[in-house]
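Participant: The structure under discussion is supplied below as structure tokens; questions concerning it will follow.
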Amino acid sequence: MSSDNIVEPPFFEMVGLFFDEALPHVEKKLIETLPYKGSAEEKESYIKGVLSTIKPCNNCYEFTFPIKLDNGKFELFQGWRAQHSHHIAPCKGGIRFAPDVDRGEVMALASLMTYKCSLVDAPYAGGKAALKIDSKKYSLGELERITRRFALELCKKNFIGPSIDVPAPDVGTSEREMAWIADTYANTTGFGDLNAMGCVTGKPIAMGGVEGRTEATGKGVMFGIRAFVDVEKNCKACGLSSPGIAGKRCIVQGFGNVGMWSCTFLTEAGAKIIGIIEWNVGLYNKDGIDIPALIKYKNEHGGDLKGFHGAQEFDRVELMYEECDILLLAALQRVVTAKNCHKIKAKCIAEGANGPTTPYAHKELLKRNIMIIPDLFLNAGGVTVSYFEWIKNLNHISYGRLTFKYDKNASMLLLDSIKHSLAKSGKPTDIEPTKQLSDFLDVSF
């Protein structure tokens, strides 16, 4: 059958297909390790029953609400909050503001959150929220009213709380929206709750956030890629010339929070970002794009990358099919599909976004020996650091400078101080960290 004739399932069903494919890999081991004295048939029946309860999404709250806009007119908004599982509390998952989001997408993302939290041992069940909105069309005041009303709708049905359901930023939201939501909860149903600030994570530091949360997902993406490409047999299997990030040519789809910070840390690790794909433009520079300059340009032009002089503009669709070592997908779901997977020329695909590769495309890419670094592993840095923030809010204790670079910088400053002291005493010596110290600092952070 031609790939053009393949009808791929909706996002939620797609996640279910991946779940079904994973079952044979875990079923046997679960049966063997089950601390249960029944027969083999009873154990198998029990495990199959448990696994069958994991796949469905437990509940999805759908609601609409009106907001009066600055022009005096009223507009209706539609939102969702899905809770995939209640095997542990609270639920955890981001809030997405997007114009084309739907119920199935929210349930799919909630499902992925359950599996992701389990993978990194974060004590959460999966959740996800979304509001159908194009944020660019509204003023700051309108966005605040919309977000606060969204939070009130969650409060009404008990879909938010530090021990019930803890949202976080996602596509289209940031620490600003989290601050509005936390303040709304604390002054309504959370009034009198000592732990009210733990109702969301990804907040500003002044409201109980932690250093490093904003860049956490991007930092995790870099660590995840490094963990795979540092292994020589992985590189040989997919055709990468040598182990390590240094020198690898990367094309990145998406330059929002995840894409921008991933580019920053990949560049620092020695990678070369040769292409960036955004919603309205593609940028290409075979010698590597200056990421700090691009970030500065983006901030000065309201988030728009068009007109950046450090790279040539390139067709944003075709850029994804250019030759590179690593294609980092850091935008939305279902971007590599049956219709375009045969055009991919990257040696490795890194799934920084949730569900960017469909089941059919996944199989076809593996047949071509293209390495896929999965989303559940690669973008778990955000929920990991969210856990630290949540714990901080519940314990009312500051655990110190939770930054990625503080200890490393302190150690390097200490070595530099020793070097200068030796120079003053007439014994100039190059002071370099040992491999053991370098490895420790890299692993720790």
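Glycine is treated like the rest: Cβ placed from N, Cα and C.
Note that TrEMBL annotation is computational and uncurated.
Got these off TrEMBL a minute ago, pasting:
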type: BINDING; residues: K92, K116, S386; note: substrate binding site
type: ACT_SITE; residues: K128; note: active site, proton donor
type: SITE; residues: D170; note: site 'Important for catalysis'
type: BINDING; residues: T217, N257; note: NAD(+) binding site
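Tell me about the surroundings of these features in the structure.
Facilitator: Sequence-distant contacts of K92 (substrate binding site), defined as residues of its own chain at least six apart whose C-beta falls under 8 angstroms from its C-beta, comprise M113, C117, A122, Y124, A125, G126, G127, D165, V166, P167, A168, V383, S386. Reduced to three states, the DSSP call for K92 (substrate binding site) is strand.
Reduced to three states, the DSSP call for K128 (active site, proton donor) is strand.
Same-chain residues at least 6 positions away in sequence with a Cβ under 8 Å from that of D170 (site 'Important for catalysis') are, in sequence order, G93, G94, I95, R96, L109, K128. In the three-state DSSP scheme, D170 (site 'Important for catalysis') falls into the coil class.
In the three-state DSSP reading, N257 (NAD(+) binding site) counts as helix. On its own chain, N257 (NAD(+) binding site) has P169, S174, T214, E215, T217, G218 as residues at least 6 apart in sequence with a Cβ closer than 8 Å to its own Cβ.
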Participant: By a 10 A CB contact count over all chains shown, which of the binding-site residues listed here is most packed: T217, S386?
Facilitator: S386
Participant: Which residue, of the recorded positions K116, K128, has its CB surrounded by the fewest other CB atoms within 10 A?
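Facilitator: Lowest Cβ count within 10 Å among the recorded positions (K116, K128) is K116.
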Participant: Quick one: which residues besides K92, K116, S386 have a Cβ within 8 Å of the substrate site's Cβ centroid, in sequence order?
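Facilitator: Sorted by sequence, the hits are G93, M113, C117, A122, Y124, G126, A168, A380, G382, V383, T384, Y387.
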Participant: What is the biggest Cα to Cα gap, in Å, among K92, K116, S386, the residues listed as binding substrate?
Facilitator: 13
